[in-house]
Amino acid sequence: MALCGLPEFTLLLLPLLARLSAGDCPCSEAALCQPIRHRPDFEVFVFDVGQKTWKSYDWSQITTVAAFGKYDPELMCYAHSKGARVVLKGDISLKNIIDPTFRASWIAQKVDLAKAQYMDGINIDIEQEVNCSSPEYEALTALVKETTESFQREIEGSQVTFDVAWSPKRIDKRCYNYTGIADACDFLFVMSYDEQSQIWSECIAAANAPYNQTLTGYIDYIKMGISPKKLVMGVPWYGYDYICLNLSKDDICTITKVPFRGAPCSDAAGHQVPYKVIMKQVNGSVSGSQWNKDQQAPYYNYKDPAGRFHQVWYDNPQSISLKAAYVKNYGLRGIGMWNANCLDYSDDALAREQTQEMWGALKPRL
């Protein structure tokens, strides 16, 4: 339909009408359906994977919620009432984004979805292999740049972020233009976990996010010319449970060789365990919680009903506080976690204390 015959006033109203036509505001107040415009000095970036545990989160800290579960309008309304953004998940096959027309269509769909759901941006979570000399290398950077331009043009105050591995050194065969992507979006969420996804040395259980190894990743990003203010540290609220082929007297747990993207061993030999499960298991374990000084991380050993020894590595308030201190001391943009649903939000007194301590660990110690 041609627009040339419409009065100028009507043309000015079109963006508003388009937003309203996406559906009436589900919040108690229409103002809560407006995008968040405030840019906090410090980000606390929370991944939520669904259900209603968000009602018990520490909203005094949260600045952004990446909604990776089913869309929940109640969450959006509540987050906005607390001044926090709620952003979409963005995932797409890299083979498709080589085509500029396909990119434009995908971006337009995401913008429309964000508008319809009164959301504040998008978190692009790709995590796919990219060869440095492939067309996907440049196309990925273009995708981020074009996504940022579209969202910021269409939704005032919107935020576009991109998830990267714990190190820029081609982890899991991901060769990305990190400096170009950082320049093209608001900030990078650095996934400082799953750091045993490629084990090149001994095939043994180790920390999900060893302290020194984690910090080396940030040093390498900054050496590339990426500003610390473009980096948000992601910490794990889960651990890995490994079956030990052999458990030595020194607590060395030899694990099954499971190759991953070229590496002979990986954390795929274990399985992920949320913090709430770990807390219920650790005190009844064979060893109780132990602290590894080299990796600055806790672990414990237990025996399953079949008589096999397991070793569980995880992060707790002690290990997370160390990393949060680095965030503060080196001026990073903020901190966040995968994922907020991993804690126990029940009415149990001990669980409540443990959950409060994990949220509290995100606050950098001065």
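Cβ atoms are placed via backbone N, Cα and C, with glycine included.
In sequence order, Asp163, Ala165, Asp172, Arg174 are the residues of the chain that are 6 or more apart from Glu127 (active site, proton donor) and have a CB within less than 8 Å of its CB. According to Swiss-Prot, the feature active site, proton donor maps to Glu127.
Residues or ranges marked as domain 'GH18' in Swiss-Prot (evidence: sequence analysis): 23-366. Confidence for the domain 'GH18' (23-366), expressed as mean pLDDT, is 97.
Residues annotated as N-linked glycosylation site in Swiss-Prot: Asn131 (among others). Secondary structure from DSSP puts Asn131 (N-linked glycosylation site) in coil. Its Cβ placed at the centre, Asn131 (N-linked glycosylation site) has 12 other Cβ atoms within 10 Å.
Residues annotated as N-linked glycosylation site in Swiss-Prot: Asn177 (among others). In sequence order, Tyr137, Glu138, Leu140, Thr141 make up the list of same-chain residues 6 or more apart from Asn177 (N-linked glycosylation site) whose Cβ falls under 8 Å from its Cβ.
Residues annotated as N-linked glycosylation site in Swiss-Prot: Asn212 (among others). Less than 8 angstroms from the CB of Asn212 (N-linked glycosylation site) sit Gln295, Gln296, each of them six or more residues away in the same chain.
According to Swiss-Prot, the N-linked glycosylation site annotation covers Asn246 (among others), on the basis of sequence analysis. The local packing around Asn246 (N-linked glycosylation site), expressed as other Cβ atoms within 10 Å of its Cβ over all shown chains, amounts to 10. Look at Asn246 (N-linked glycosylation site): DSSP puts it in a strand.
A C-beta separation below 8 Å, combined with a sequence spacing of at least six in one chain, links Asn283 (N-linked glycosylation site) to none of the other residues. What Swiss-Prot records for Asn283 (among others) is N-linked glycosylation site, and it gives sequence analysis as the kind of evidence.
The signal peptide annotation in Swiss-Prot covers 1-22 and rests on similarity to another entry.
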